[in-house]
Every structure is written in structure tokens, then in C-alpha cells.
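Trainee: Take this structure first; my questions come after.
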Ligand code: SAH
């Protein structure tokens, strides 16, 4: 049964026609994913699977959703970020009944977590068999839901570690939600977890959270790290970012990059993509790193490796891509150049210390345009802040381009089908695995025609037909 549009909650279902035009156009740029859809859909390998997806509700994601639906899955979806939804696209997917959608651009923390909860609750109360997560919020909710029930049963109170979570506002929202759910069904999350076959995680920060759970023995279901596939980390992350950091910056600002001094904090795959883009645009690009190996790599690429404190007064634009928190702090912002641009390309909104900025005495923010703020300090000097410290590529712009998303989403589709096919295999302790290499190979094969590449067939080591899924 396909979901009725009234089961979804989007900003305005009336925008579905516009959204459909965008999705159709996007399909044209995602030929690899469409080829995968056309190949696999006759066998409906995801028939019977309930999938919850938590991933930016963009045009590219719409093509992913409609591929999973064509393969037979029953889908519920929300965005992984309160500001990244493209409202017309969300309307188009809901109208087409491809999934139940709970997503709109500009959500409060309450609304965001309400959407996550709705996306993992089918009518009748059942949860998902398969999860597609981005950053790990749904995985986190399920795990703390189980902790909450066990703790309440034993002690009559929530687990102490839940109370100290940061940011405080979000953990209060989660706690309220868990309390309500506990009153309705005190075994809800434990019942739900029984039916989860596994999660496919899209991002590096989500995989980091999963590995922490794996190492402290608290992981409740198997996890697949899509982010560790080569076509994801070394293609989507690097080249997608190389493109989308510029897309985001140029949508937000009328800035000439040539001749500017830019500091990239973090030289992982995302930071590397940012640095490549800045260099190509003619900026003077500096890199800050905490990891000696990555610092050396950046140096070998010709970037000056330095610290934020050393270059504070000469930098025109600061971009974070570390996955860490508190990278740009008040003490830095107070001493930056007049109207220095500050933006984040890493996960979540913690790399720039927004909480301190908001609370700092005498600061004032004005909105220059949506997602661009000018913050003025008591002494009269000011900085330009993008997307309130959230992902600037997805909030100021449209995120990574369709071609690289097509590659990453082909990995997602093949890995979801792989998990579902093997759902009855005896499970030992849940672990975090990388999808089989043949999934990476297949995703690449689907996309070679998109860049006009012709593969040389090795006489010694040809790709065998059983590598083709
Ligand atoms: N919840 C975190 C997650 C980081 S999102 C946060 O909001 O900060 C980073 C992910 O967004 C990347 O792994 C990338 O695969 C995905 N992404 C980038 N461009 C996208 C697009 N156009 N559509 C959908 N997802 C996109």
C-alpha cells in the first residue's frame, strides 16, 4: 500500500508540480542511479522492507527515494537537518506517494525530532526493518529510547547519561519525547529494535558515533558504513564538496575568491575538497590540522599549515570541516578582520561556537539575506556568518551535485538490498562493517558512462560476471 499524501507533512503540497519538474530534471543528471533502478526493479529486491530514511530532503534524495520505492520498499522519510529541505521537492515526493514525508525547511528542534519520530513510526506503531541514516540521529534516538526504558524499569528515572547530553535544548526535546512514548508503551523501543535488520550510515560523523557504540558494546543492530566506500569518501566527499562549497558560498555572497586568504580548518576528505576549490579559484589557501599525518598531506599539496591563532588577523574567510566541536570560538571571532566570512562545511552546527556567540554581551545580529547574518560586537567590528554555523553547502546552496550523489545513492540502494537479502543470516554481536567491495565496483561501473569513460579489460584480472550485481 502506497502512503496517502495526507499521511505526510510538508510545507505546501501545492508546490508538487514545481518540485516534480526539478526531480525530473535531476533524474537526467543521475543516470547511474536510474540505470541501477531499471536493472533491479523488475525483481523488487526490497519487497516487504519498511525503510526509514533520515537524509536531507533534496532533489537528489527524491531520486533515491523513488528508486528504493521502485525496488519494492515501503518508505517513511525526514530530513537530517532542520534547514536542508527543498520544499517543492518534498511536496512532489509526498504527492507521488513514493514515501510518507515529514520535512520542511526551517524547523525548530521540537519539529525536527517530531519528524524523526514520525518517520520511524508506521501506522499501527511498527518501526523500520532498515534504516538509512545521515549523521546518526535516528540511530541515536533508538538507542537512547532503549536505554530510557531499561533505566525507568530498574530505577524509575531516565538514565543519568541522557541528562547531561549536549546541546541541552535538543536533549530536553528528546527526553520529553521518550517520556510521552514510555507512558503509551513502555516497551516501544525494545520492540522496534527487534525488527531492525541494520542501518546504512551516509556520513563520517555518523560512522564515528557508530564506532563509539561498537567499541563500548552498546550497538544494538548491524551497521554498514557507506562513508567508508571508496566511491563515497574519495569521490563524493572530495569532488562533491569541491563543487558544493563554491555553490553555497556564491549563492550566499557576492564574493570574489581570487586573491582572498582562506583558512580551511580540517584536512579530511571534506576539507581537502574545500581547499582544492579555493586553490582553483585563485584564493590563498591555508590549512589548520590537529592530525600530524593530515597536516603533512596538506603541506605536500602546497598549502601553508598553520593555526587559527597565528593567522587570525589576515584571513578573509574561515571554513570549518573537522567533525569536531568548538573549532572557531568567541576569542577568535572577537579578533577577526572586519566582516570576515565564517562558515561550516562539517557535520552538525558545533564547529563554530554559536551558543557562546548568541550569549556574548553586546553582540547584535542582522539578517543580510536568508542564511547570511552580520554579527556586530560591542566594539563596533563585525563578522559575516553563514547558515548560523550549519552546513553552508546544503543550506545556502543545493548541496553536492547530482552526479556524485548518484554514486553515493547507488551504494545506498545496493547496500540496503544486500542487507535485506541477508536478513536471515544468523547474527553474532552487531558490528560496523564496510559494504562488500563489489558494491563499490558496481556503483563505479554504473557511472563510467556518465563521464564518457571506457574501461580497459585486464587479460589477467577481468571483472568477473559475479561482481556485477
Ligand atoms: N546531520 C548532519 C549530517 C551531515 S550531512 C548535519 O546536518 O550536519 C553531510 C552529508 O550530506 C554528506 O555525507 C553528503 O552525502 C550529504 N549530501 C550532500 N549533498 C547532498 C544533496 N544534494 N542531497 C542529499 N544529500 C547530500
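Any Cβ shown, glycine's included, is placed from N, Cα and C.
Okay, so TrEMBL annotates it like this:
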BINDING   268, 269, 270, 271, 272, 273, 289, 393  NAD(+) binding site
DOMAIN    237-399  domain 'S-adenosyl-L-homocysteine hydrolase NAD binding'
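Would you situate these features in the structure and describe their surroundings?
Mentor: Under the three-state DSSP scheme, residue 289 (NAD(+) binding site) falls in the coil class. Remark: residue 289 (NAD(+) binding site) has 266, 267, 295, 298, 305 as non-local neighbours, by Cβ distance under 8 Å and separation of at least 6 in sequence.
Averaged across the domain 'S-adenosyl-L-homocysteine hydrolase NAD binding' (237-399), the predicted model reaches a pLDDT of 97.
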Trainee: Check the binding-site residues 268, 271, 273 for other C-beta atoms within 10 angstroms of each C-beta and report the one with the most.
Mentor: 271
Trainee: Give me the long-range Cβ neighbours of residue 393 (NAD(+) binding site): same chain, 6+ apart, Cβ under 8 Å, in sequence order.
Mentor: 241, 244, 245, 247, 248, 345, 399, 400
